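According to TrEMBL, the features are:
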- Asp266: active site (ACT_SITE)
- Glu284: active site (ACT_SITE)
- Glu285: active site (ACT_SITE)
- Asn269, Gln283, Tyr324: substrate binding site (BINDING)
- 82-217: domain 'PARG helical' (DOMAIN)
- 236-474: domain 'PARG catalytic Macro' (DOMAIN)
Amino acid sequence: MEKREDWRSILPYLPVVMRSSSLFWPSQVVGALRELGCGRVDSGQLLFIFITELRNSLSLSSEPLAPSAAHGYALFFDELISREECRKWFEEVLPSLGDLLLRLPSLLEAHYENADMVIDGKGATVRTGLRMLDSQEAGIVFLTQELIAALLACSFLCLFPVHDRYEKQLQPVNFDELFASLYNDYTQKQEDKIWCIIHYFQRITSNMPKGVVSFERKVLPWEDDCIHISYPNASFWSTSVKPLCRFEVKSSGLIEDHSSETVEVDFANEYLGGGALRRGCVQEEIRFMISPELIAGMIFLPSMADNEAIDIVGVERFSSYTGYASSFRFSGDYVDDKDVDTFGRRKTRIVAIDALCGPGMRQYREKFLLREINKAFCGFLQQSQYQRDQKIPQENFDAMETSEGKYSYQEIRNSQNDYDMMENSNDIGVATGNWGCGAFGGDPEVKTIIQWLAASQAGRPFIAYYTFGSGALQNLDKVSCWILSQGWTVGDLWNMLVEYSTSRSKGETNVGFLQWLLPSIYDHDSGMY
């Protein structure tokens, strides 16, 4: 195993040790984890002492945790949770997490023994082992939910090495900042974020899920290589004859609750997860709390460049919630009953795309319009379009449908379906909303059109747009219906957007794109504006 390039790339960022081709925990760590079932740790204060001892055993003492982390763990487990919840955590959940961590070396070895899957008809292999997926390195990683659970247990106990993560453009993945933030500046939403994590651990220790999650870095090459779709230029968009896809306006509801199967857009930070493990509590961070398996991607996926997106397929949702930002509240259990695909992944598809942050007036310049539309286009592309020369018969898609059974690594390995068959997007649209607006300061009308164009060019059959009460989008349904009635292509609408943006950039207009395009509707509704 030590000869594997994928393993060598990730080993420095994992807490386990390798010697003589075998993975193991140091003996002190093994002894400490076994003692968790003996009642030695029964409070938040003792838990942090235990964490410190584990870290010392792994020679991590030179990498200090957040200064208030100890107070945060003590505050949550000794003051904020009920006596019964505390007893359950320290007598049932924590010992089970210790047992899970004891199995981490064997889980990793099993993962690498069966990691590479032959999944194209030409006999070529696609690497799927856990590894560092660096910027500009397109690739995919498959992890079982059990392995993800063990990795997240390491995060809870702050066992990941910190060195070199910043140099690698990687987010911190230990939970020390999450708990330190609770103590430093207590808010109810921070407590409820932690409750989502605690609930996840309660669920997986009572009934370990058996599915699979994939994490893919998608890249649009800067230069045309005649195989992959490269980073499009302005001419590509202005001359596109692709028809616009169906546009559905959702004035209420949430992206993750969309009724049909879609690609759900994560309004991401360039660093996957954003402030999920700190104080952040907006769209991306909430998604990571209710589906904590997303956090695993932060371990090995460095920040995204302008020509990249990250696809995550198969995560399970464990928590219900209400509110947003400061009003966010954990509201109990969530049973995720979505079907699974042939690889054992839940049919939940999340694409992380990061918008320009604080773009101001530069967002109306063509250079930055291109940046945003190509970012969305990269995210919305399906695998069968990602490589130009792949053509998969429809009957192959029909033959692979299944929603039953458990999926072992060997079953995944034996799947001879083409890589492109991970998704048949003939009926899978995009569920999105005000991407890059809000705290990032983007123009919601421009971002709406950009995403519609990207989804249409990517061959998606529809875009479901959740307006989240944006006043600027009150007439979006009327304007989108009018645009579709004109029979415009992607190129037509792009050219209109560029014309508007040029005028906006020059100060020739200060109205929104929708009013600029169809002023008659706004004249009719002038009492509202």
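Cβ from N, Cα, C; glycine included.
Structure with TrEMBL features highlighted.
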| residue | record | Cβ contacts under 8 Å, 6 or more apart |
| --- | --- | --- |
| Asp266 | active site | Gln283, Glu284, Arg287, Ile350, Val351, Ala352, Ile353 |
| Asn269 | substrate binding site | Gly275, Glu284, Asp354 |
| Glu285 | active site | Lys193, Gly273, Gly274, Gly275, Ala276 |
| Tyr324 | substrate binding site | Cys281, Val282, Gln283, Ile286 |
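In the domain 'PARG helical' (82-217), the DSSP tally of helix, strand and coil residues is 70 helix, 16 strand, 50 coil. Across the domain 'PARG helical' (82-217), the model assigns an average pLDDT of 94. Its Cβ taken as reference, Gln283 (substrate binding site) is surrounded by 24 other Cβ atoms within 10 Å in the chains shown. As a whole number, the greatest separation of Cα atoms within the substrate-binding residue list Asn269, Gln283, Tyr324 is 17 Å. A simple way to gauge crowding: the CB of Glu284 (active site) has 23 other CB atoms within 10 angstroms, across all the protein chains here.
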